[in-house]
């Protein structure tokens, strides 16, 4: 083989080796950095742009795609200890002609975290309303989507600000009062009774606890490498004290059943999506909501746990699209009558 050709392969091999070695080093030494790069990459790939908006001295961080049009904008509220990027797996399957807005909930990721902030569900609803007003998102009624804690906030928001919301999608929402507690809730009550807030299952501080949380929240058993588990923990640990404070606030007497107390005030067309194998919030909550909300459609997903957005993103996106189409067509037909 010609020496120049050999040199070419050596140079090419060396050039390729640099990014490969950088990736391996990141994976082994800085897995949390790799996770941040992953989200950045997916936002860029899906056309989601990150922006900031302020209400007085309070900062909201959000991502968006598209512009307001004749179809309702979609505002998406994430769950406890998550962030706006949790919706990316669903965004992937949503049409690009929809105006999407995913906001970091109060105290999460790029949104202001203040020791003076009211973290109750009512407090969060007021903050989200401030965000909506800042963006003038309620210039025309929008479609509101929320999951878990975000679902609780979304439901209460629709009850408090009915003129803002054209339709509602609640994905396994928190905030309902069950006749009997499931194993997860029983465990939480035991921890509250013993004041062992360090052991809340939804606030992991080791890779092992992170793995347990993933098993609790999902029916699908994801095989997550140890380094990625470590990275997920590393990203969360600096925020765990805040998560504990928030958790104690949303399970307090003031907030615990706030969706239950307001569900009969929800008047907009509503879609409920719930995983049948949810171990965190029992699927019977869907029936409770359906009995209290007049115009309500329930979708129960087989072989799916609490992390509906992570486990069934394509199905979730399709259900949202189909529901929006049915509501939109009904509204158009009413205008023609």
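Backbone N, Cα and C atoms are what each Cβ position is placed from, and that goes for glycine too.
Swiss-Prot lists 1-8 with the feature topological domain 'Extracellular', giving sequence analysis as the kind of evidence. Model confidence over the topological domain 'Extracellular' (1-8) stands at 39, taken as the mean pLDDT rounded to a whole number.
Summarising the annotation, Swiss-Prot assigns transmembrane segment to 9-29.
For 80, 149, 306, the entry in Swiss-Prot reads (9Z)-octadecenoate binding site, with the evidence type experimental evidence. The Cβ of residue 80 ((9Z)-octadecenoate binding site) lies under 8 Å from the Cβ of 148, 149, 174, 202, 243, 246, 247, 250, each of these being in the same chain and 6 or more residues away along the sequence.
Taken from Swiss-Prot, the feature active site, nucleophile covers 148, and the record attributes it to similarity to another entry. In the three-state DSSP classification, residue 148 (active site, nucleophile) falls within coil.
If you look up Swiss-Prot, you'll see 278 (among others) marked as active site, charge relay system, on the strength of similarity to another entry. Under 8 Å, Cβ to Cβ, and six or more positions away along its own chain, residue 278 (active site, charge relay system) finds 172, 304, 305, 306.
The active site, charge relay system feature in Swiss-Prot is assigned to 306 (among others); the stated evidence is similarity to another entry. The DSSP secondary structure for residue 306 ((9Z)-octadecenoate binding site) is coil.
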Three-state secondary structure of residue 80 ((9Z)-octadecenoate binding site) from DSSP?
coil
Please work out the number of neighbouring Cβ atoms within 10 Å of the Cβ of residue 306 ((9Z)-octadecenoate binding site), leaving out its own Cβ.
26
Quick check: which same-chain residues outside 80, 149, 306 lie with their CB within 8 A of the centre of the (9Z)-octadecenoate site CB atoms?
79, 81, 82, 147, 148, 150, 174, 202, 280, 281
Run through the Cβ atoms and count how many others sit within 10 Å of the one on residue 148 (active site, nucleophile).
28
